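Here's what TrEMBL has on this protein:
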BINDING   76-89, 281-293  NAD(+) binding site
BINDING   Arg96, Arg106, Arg134, Asp223  substrate binding site
BINDING   Asp223, Asp247, Asp251  Mg(2+) binding site
DOMAIN    4-351  domain 'Isopropylmalate dehydrogenase-like'
SITE      Tyr141  site 'Important for catalysis'
SITE      Lys191  site 'Important for catalysis'
Amino acid sequence: MKKTIALLPGDGIGKEVVDVTVEVLKTVAEHFHHQFHFEYGLIGGEAIDQKGNPLPEETITMCKNADAIILGAVGGPKWDQNPVHQRPERGLLALRKELDLYANLRPIHTFESLIDSSPLKKEYVNGVDFVIVRELTGGLYFGKPSERVDYQGEEAVVDTLFYKRQEIERILVTAFEIASQRRKHVTSVDKANVLESSRVWREVAEEVAARYPEVTLEHMLVDNAAMQIIRSPRQFDVVVTENMFGDILSDEASVITGSLGMLSSASLSSTGLHLYEPVHGSAPDIAGENRANPIATILSAAMMLRQSFGLEEEAKAIEKAVDNVLNSGARTADLAPYGNPMSTTRMAEEIKHALADDHAILNIMEAYS
Ligand code: IPM
Ligand code: MG
């Protein structure tokens, strides 16, 4: 299979984790006889520095010509004081909007060998397996007005939570579709006791649920959901929620896996051109130190192989290699704060070896079958 992958490493550890993910993908290409062509583009702080724009036009064009996109992370203290249109995050938000990447899937599951890395008790995190479906192109992130205002002579500020009914509907449909392939339970998270947008969200959720009789729907208030994710995370199968709630709950849920450095994500679009990125940010405190955990990005690449290219076996091979390496005790600093941590590049090397070894064994088995 021949595919073009747009790479947007971005800022901070983004570059380090994308670089090693490319190496892993090259190993996959070699073993499974595919041709992956990689194109690099600028986004975020680096794009501001080089082009004066967090999302240069050429980056958008490059992405649109690719089969899938892998992004590292954007942001850093260097640009914190910039005006809003010159902030790195604007690049990512504008890209999500431009490509209509409306459905952000964030799988949360326990990695058996990391059970002790979670600050939560074993019996709570054991066997957790759910996916957060976060709406990604609406809500508070994009509503207008979003500005400082003069309110009757006083300094004031406004952000707007705006959704078209159709935007709510399509994310709920995505959630129900996913649930129907899983354990057939949707938890729709909102704040319907306070927000009108949430009351409409509930209405739409009920309408969509009626089309999926085999899937059960439960509504949950976001404050309660924040508690339930820690208290009894096994109850969840598919959690669907608006943009800001999803942002907050997914960082919280990462604690179950042991580290934010483990969480992968796929942002699906209406056009079929999808973007894959780790849930974590640019981690400026460890940038350039070869200390970041690359697994979130490597697992995002596995999601890409499965979702965008239909390469199930290849995706599984990466996931299995990651499991094997973790089982062997390999840990980056986020997972071994008191131990002897592995570097980013070393962790990726281990994963590549595990991939290659496994493949070698498979070939031997095939030869004798
Ligand atoms: C995420 C990040 C982004 C978001 C930031 C970098 C704009 O936190 O993808 O979760 O808030 O969506
Ligand atoms: Mg976030």
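Any Cβ shown, glycine's included, is placed from N, Cα and C.
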Largest CA-to-CA spread of substrate binders Arg96, Arg106, Arg134, Asp223, angstrom: 27
Binding-site residues compared (Asp80, Asp247) - the one with the fewest other Cβ atoms within 10 Å: Asp80
For Asp223 (substrate binding site), nearby residues of its own chain (Cβ under 8 Å, 6 or more apart in sequence): Lys191
Rounded distance in angstrom between the Cα atoms of Pro88 (NAD(+) binding site) and Tyr141 (site 'Important for catalysis'): 14
Cβ under 6 Å from ligand 1: qualifying binding-site residues of Val84, Asp223, Asp247, Ala283, Arg291: Asp247
Listed binding-site residues adjacent to ligand 2, that is, members of Gly76, Asp80, Arg96, Asp247, Ala287 whose C-beta is under 6 A away: Asp247
DSSP-derived class (H/G/I helix, E/B strand, else coil) of Arg106 (substrate binding site): strand
